[in-house]
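I have placed the structure first, in the form of structure tokens, so that the comments after it can refer back to it.
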């Protein structure tokens with residue numbers, strides 16, 4: 001032991017503020033004599049809380065707030081910007097991780113300084129078992145999840161346990177704080193000029209055949225090929241992607257074109273044109289009937305053939321047009337035998353089905369979607385305007401004013417029709433082309449063979465129909481060809497009503513004329529940008545930093561309170577620990593614990609004013625069971 005010499009106060013004013021009866025150590029509190037060690041002065045007045053520790057706590061909190069704001073500003077700056085050049089997703093993510101890591105470092109530093117003050121505050125105000133002191137030391141020096149399982153700390157040092165848990169959870173900041181992701185660039189609305197169907201013009205489209213050089217004689221081969229393509233295609237015929245539409249766009253447009261308005265025909269209104277003796281089951285039809293399907297429900301041997309389908313028209317220009325028709329509308333009639341397995345039974349009454357359709361000038365609403373080099377389009381008839389008038393085909397001088405050859409010529413083939421004649425002619429060029437391709441009949445003989453004409457005495461009396469080449473019916477050739485009675489035609493799986501199916505068929509055909517370049521229209525198209533942009537998830541970043549800052553502010557306030565209440569900072573430095581453990585009795589306990597660890601479980605220590613033999617009252621750890629340890633009052 002070193003020798004100490006105490007210099008007692010010279011006047012009563014120099015008594016200690018800790019204890020009025022104790023001397024106040026002044027200039028030379030003690031003089032340590034020993035080889036190579038100079039004499040040191042020790043003043044009993046401690047330096048107070050100083051500025052460094054509060055600066056670390058408060059400054060760390062402010063720095064954390066600044067870093068959170070910088071991170072937010074960084075993400076806001078890139079939100080919605082294209083991912084291009086140096087600022088790729090990888091580089092921005094690295095910057096975000098850097099900012100989040102810097103926040104975590106400042107966060108842990110400030111919380112760690114506050115933790116030291118809280119630990120020191122706890123040790124000065126309650127006796128703690130030796131094991132708890134060891135656990136607290138581990139929490140401060142080397143936080144571990146295993147130490148958190150010590151339930152004794154939950155009751156003896158709960159604040160220390162909570163703050164340590166916050167430090168251990170701090171790596172979550174770097175996981176959740178990065179909030180920039182990338183997504184496909186948002187679509188933009190652009191005004192584009194797109195192809196359309198313009199049939200209301202008097203311009204020349206090479207869509208008709210002229211009789212005598214000036215009269216309408218039917219659709220041209222060019223438009224017939226467009227109709228033929230539309231009839232045999234499962235989807236509407238497409239067109240070239242408009243300029244400014246790439247790589248993906250979607251738009252709607254309207255146009256005026258022919259359309260059919262259809263209604264169903266009752267089964268008893270479809271006559272089989274047979275005598276009752278030929279019928280399998282005796283029956284009576286409506287008189288007059290709405291349509292005929294010859295011998296569809298008669299004995300095949302007696303009738304030679306059975307009718308399966310019949311497509312007729314009124315007001316058409318085909319060679320087989322009804323000459324006695326006096327109306328002005330173009331009307332279709334489609335009748336057929338619908339599939340029914342029971343139709344194969346010779347005693348079953350077979351019912352035909354059908355529809356009648358009238359051509360109208362109609363408004364169509366179309367939608368086009370271009371993407372990945374493909375096109376999807378659809379069309380709907382939104383309004384039927386007025387029936388098409390077949391008398392519009394009659395003028396024989398389409399290039400003379402008012403169709404009168406005595407009036408001036410105001411148009412020319414290849415240029416334009418006379419005013420008022422072009423629109424109706426363009427409409428009928430489509431309607432007549434479709435009609436010509438669909439008219440006809442399908443019959444079936446006793447051997448199950450189908451033929452696409454209706455024969456009487458070996459003479460063809462109907463044109464060949466392409467109705468089975470459309471998407472209206474499934475192929476009939478595989479249906480029970482070996483049985484005498486045909487069970488009927490299957491409609492396509494997606495078709496539940498033949499009337500609506502015919503309306504859709506004609507609408508899809510008219511949409512195919514968009515690629516013919518008859519006109520342009522301006523639309524608002526939704527165009528998708530080809531690139532990707534940054535997307536800032538504000539909720540993720542704000543939730544992460546707000547939660548961290550709330551914890552930080554709470555810990556900092558409590559740390560500052562403990563610092564002020566302690567009257568001096570604590571950094572758990574070696575010098576502090578050396579001073580705190582300068583107790584001869586404590587040295588003995590330490591030796592005993594080293595020899596027998598169970599001794600420590602019975603020892604309860606507290607840091608406070610301890611009467612140290614030979615050294616007076618000191619601020620040190622004392623054994624509360626053997627020494628008088630008073631609460632260390634705050635120094636001023």
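Every residue, even glycine, has its Cβ placed from backbone N, Cα and C.
Listed ranges 3-27, 128-152, 153-177; the one TrEMBL annotates as transmembrane segment is 153-177.
Residues 52-74 are the range that TrEMBL records as transmembrane segment, among 52-74, 190-212. Feature region 'Disordered', per TrEMBL, maps to range 1-31 of the set 1-31, 94-124. Your range for transmembrane segment, going by TrEMBL and the list 496-518, 519-541, 542-564, is 542-564. Between the transmembrane segment (542-564) and the stretches 52-74, 97-120, 153-177, it is 97-120 that has the most C-beta pairs under 8 angstroms.
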